[in-house]
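According to TrEMBL, the feature transmembrane segment maps to 7-28, 40-68, 80-100, 112-132, 144-164, 184-204.
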Amino acid sequence: MNRHQTGTLFAAAAGVSAWFALGLQFYLTNALVLSQGRGFLASLFVFFGYFTILTNLLAAVAFTVAVLRPAAWFRLFLRPSVLGGIAVSIALVGIVYSLLLRQTWQPTGAQLVADGLLHDVMPLVFIVYWWLWVPKTALCWRDALRWALYPMAYLVYALLRGALSGTYPYPFIDVARLGYGVAFKNSVVILMAFLGIATLFIVLGRRKDPAPSNASS
C-alpha cells in the first residue's frame, strides 16, 4: 500500500467517525429540544449554532471528498489552503473546549461519546491527516489572515442568532449576560489565539515541506 492509498484509507475511517459523531450529536440535540416542547426546526437552529459542529462538518466533508473525489465545487476541499484552514479551526475547537468549556458540564453516556469525538478525537485526527498527507509547500503568511475570516464570520453569525433568539452558543460571547464590550474582548482574545495557532501551523508546515528553491545552478 502506497502513501496515497494509506491517506485515502485514513480519510475514509476518519470520515466515517466524523459523520457518526455529527449524527449522534444531532440525535441527542434533537431529543433534548423535542423534550422541551419545541420542533424539528428548533433542533436544526440549535445544532448549527455551534462552531464545533460547523467545523467538524467541514472536516467530515473534507474527508469524504478526499475519498470520493467528486466533481464540481466540492473539490475545493482538496485544496491545501482550505485543508490548512480547517486544521487550524478544528485545533481551536479542541483547545478552547479544553481550556474554557470542559469544566462547565459533565456529559454522560452517549453524550460523553459524542463530546469526546467532536472535541478531542476529531481535532487530533484531522491535524494528523493534514500533517501527513496534505502538501504544505505553498503555505504563506497571508493564509493565516484568510483562515481567520471563518471564525470572524462565525462570530457575526452567532451574535446575530443571539440577538434574534436571546440565546448564545458559548458563555464567553453571551451578550445577554456579559454585554457587548466583554463579549467583544473575549472574541478578540480567541481570534488572537486562532492567529497564533495558524502561525504555528504555517511555520511547522513550511519546515516540513519547504518550498522548492527558485535559484538556478
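Just so it is clear, glycine is given a Cβ too, placed from its N, Cα and C backbone atoms.
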CB contact flag for the transmembrane segment (80-100) and the transmembrane segment (7-28), at least three pairs under 8 A: no
Any contact, the transmembrane segment (112-132) to the transmembrane segment (7-28), with at least 3 Cβ pairs under 8 A: yes
Selected stretch (most C-beta pairs under 8 A with the transmembrane segment (40-68)) from 7-28, 144-164, 184-204: 7-28
In contact by Cβ distance (the transmembrane segment (184-204), the transmembrane segment (144-164); 3 or more pairs under 8 Å): yes
Within-chain partners of the transmembrane segment (7-28) [C-beta distance under 8 Å, separation at least 6 from its ends]: 1, 43, 47, 53, 56-57, 59-60, 63-64, 66-67, 110-111, 113-114, 117-118, 121-122, 125-126, 128-129, 132-133
